[in-house]
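Accompanying notes for the structure given below.
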Amino acid sequence: MQMEANDCQEEHKFTLDNYHVVEQVRRGKSSSDFVVLHDIEDKKYAMKKICLAKHTDKLKQTALQEMKLLSSLKNPYIVHYEDSWIDNDNNACIFTAYYEGGNMANAIKKARGKLFPEERIFKWLAQLLLAVNYLHSNRVVHMDLTCSNIFLPKDDHVQLGNYGLAKLINPEKPVSMVSGISNSMCPEVLEDQPYGYKSDIWSLGCCMYEITAHQPAFKAPDMAGLINKINRSLMSPLPIVYSSTLKQMIKLMLRKKPEYRPTACELLRNPSLQPYLLQCQNLSPIYLPVFPIKPVNSPKDKARRNSLPGKFGKERVSREKSEVSRSLENLYPFWTNTETGSSSSSQPASSTNGAEDKLETKRIDPSCDTLKISEFTSQKSDESLIDPDIAVYSTETPAEENALPKETENIFSEESQLRDVDVGVVSAQEVACSPPRAIEEAETQEALPKPKEQITVPISSVAHSSTEVAAAKDHLSGSLEGDKAKMVKLTASEMSSVLSKLTKLGPPQSKERADALECLLEKCAGLVKQEKYEELAGLLTPFGEDGVSARDTAIWFAKTLLSSDKLNQGT
């Protein structure tokens with residue numbers, strides 16, 4: 001052993017005579033820490049002296065192993081190794097860099113209860129995790145990770161030091177030696193289990209708790225109380241000024257079972273640490289984020305999107321509209337009554353091949369008997385992009401309302417080939433053909449202002465939509481003639497009554513649904529008393545096994561309500 005010490009001393013440029021002690025920082029049972037000044041370089045170093053005279057050869061071999069280990073560890077967040085040897089008095093002298101900032105324990109005392117900013121704590125945590133992960137990847141455990149061994153070279157940087165107990169882990173014989181019991185002692189060591197990588201994670205969690213709360217995680221007046229608190233994980237709550245993310249990460253590191261604690265590598269992949277990892281030195285690419293981190297919807301991004309050329313802007317607007325439509329279909333799948341159409345507006349209307357296109361009814365004005373269908377074009381700018389559920393009032397004059405049926409027929413018969421058409425208004429009898437969802441939208445959007453002009457929209461399959469409307473009208477008239485009833489022409493007051501009842505078919509609250517079902521049963525009972533079984537069958541057909549669509553349900557329900565109201569008024 002003495003020959004190895006002499007060989008080790010010959011390899012070094014300086015000897016102990018080139019240093020003189022400035023002050024003694026700490027004194028322990030088997031080691032002491034000093035601040036020394038190098039006479040030639042005029043530079044301060046931290047010296048750790050381990051007394052080996054009263055120890056066995058095994059402990060001396062451990063000291064030599066530690067010095068060899070220190071020489072191989074090179075990381076920006078580990079205290080820089082300077083020199084080491086064994087002197088003639090069997091003292092292992094280990095020289096490391098000295099930092100004027102002191103250690104974390106002194107920084108907490110100097111703060112005097114003033115909490116550190118959360119950004120700084122996250123930055124320290126990221127650097128400490130990088131240091132611990134570097135040690136673990138080299139099969140090294142620190143075994144003495146406390147705030148006194150976390151040094152502050154700069155305000156926002158930390159380094160791990162004091163590897164007096166660090167050892168290479170032997171897979172066949174795990175490390176089980178610990179010295180004393182401290183506030184950061186892990187539960188598995190108290191149960192005489194081997195000290196492993198997860199034990200360092202526990203100690204790091206205790207350090208982060210102390211940095212955050214300015215007090216130890218586990219504190220008791222006696223040793224029995226301390227062991228009881230550690231085993232039961234009894235901790236005071238962290239200050240409320242810190243985010244739940246930081247608190248959760250500290251709690252994860254302080255889980256009692258080692259298998260439930262995350263590794264340093266897993267903690268480094270936490271999204272909250274990504275911005276701080278980007279500022280670290282010599283960062284491994286595995287910890288870099290896949291996508292660059294930037295604020296969402298920042299003013300710069302909005303300005304860039306608004307300044308896109310016309311072609312890209314139109315494509316983006318149409319893409320956003322399609323996404324909105326898909327989200328609405330997923331939100332209201334029961335009321336979605338249309339299929340995806342593949343026909344183009346530039347092709348004839350006969351090329352639809354039976355595919356249905358969406359034709360939404362936007363707004364109903366209760367003061368008149370007209371219904372206006374409107375929709376925004378894809379050429380509108382991003383600022384004018386409005387949710388498709390938002391509707392508009394009809395602004396036709398009374399003179400225009402009288403000519404509504406003719407305008408409607410002309411639109412659906414003569415202008416079906418056009419790309420951009422001015423959609424007219426639908427007669428009052430076609431209200432029953434509208435899906436309940438659209439009618440409900442009309443009821444819930446009454447507070448919106450009325451626009452002053454109509455909006456031109458592209459419709460690819462107007463002919464098919466007109467066919468549906470015509471079929472619904474024929475179906476209504478045929479059913480009424482079969483019952484020897486006359487055609488009913490809605491007035492404004494009757495329109496409001498019908499709409500208020502049809503609205504209950506939508507997806508409202510449970511009370512409104514119960515009222516609608518009660519109204520349905522009352523009408524069915526009235527039809528049975530009047531022996532109108534055909535109308536009763538038509539009313540109940542949508543609720544059988546061969547149920548029809550919501551559109552047909554609205555048609556039959558409206559027809560029954562109107563005919564019943566007329567008969568009641570006649571009697």
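Count begins at 1; order follows the chain as displayed.
Glycine residues also receive a Cβ, built from the backbone N, Cα and C atoms like all the rest.
According to Swiss-Prot:
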- 19-277: domain 'Protein kinase' (DOMAIN)
- V25, R26, R27, G28, K29, S30, S31, S32, D33, K48: ATP binding site (BINDING)
- D144: active site, proton acceptor (ACT_SITE)
- 298-321: region 'Disordered' (REGION)
- 312-321: compositional bias 'Basic and acidic residues' (COMPBIAS)
- 338-363: region 'Disordered' (REGION)
- 342-351: compositional bias 'Low complexity' (COMPBIAS)
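Apart from V25, R26, R27, G28, K29, S30, S31, S32, D33, K48, the ATP site neighbourhood in this chain, defined by C-beta within 8 angstroms of the site C-beta centre, holds K49. According to DSSP, the residue listed as 'active site, proton acceptor' is assigned to coil rather than to any helix or strand. Among the residues V25, R26, R27, G28, K29, S30, S31, S32, D33, K48 said to bind ATP, no two Cα atoms are farther apart than 14 Å. Its Cβ placed at the centre, D33 (ATP binding site) has 20 other Cβ atoms within 10 Å. Between the CA atoms of S31 (ATP binding site) and the residue listed as 'active site, proton acceptor' there is a gap of 13 Å. Of all Cβ atoms in the protein chains displayed, 8 besides its own lie within 10 Å of the Cβ of K29 (ATP binding site). Under the three-state DSSP scheme, V25 (ATP binding site) falls in the strand class. In this structure, the C-alpha atom of V25 (ATP binding site) lies 17 angstrom from that of D144 (active site, proton acceptor).
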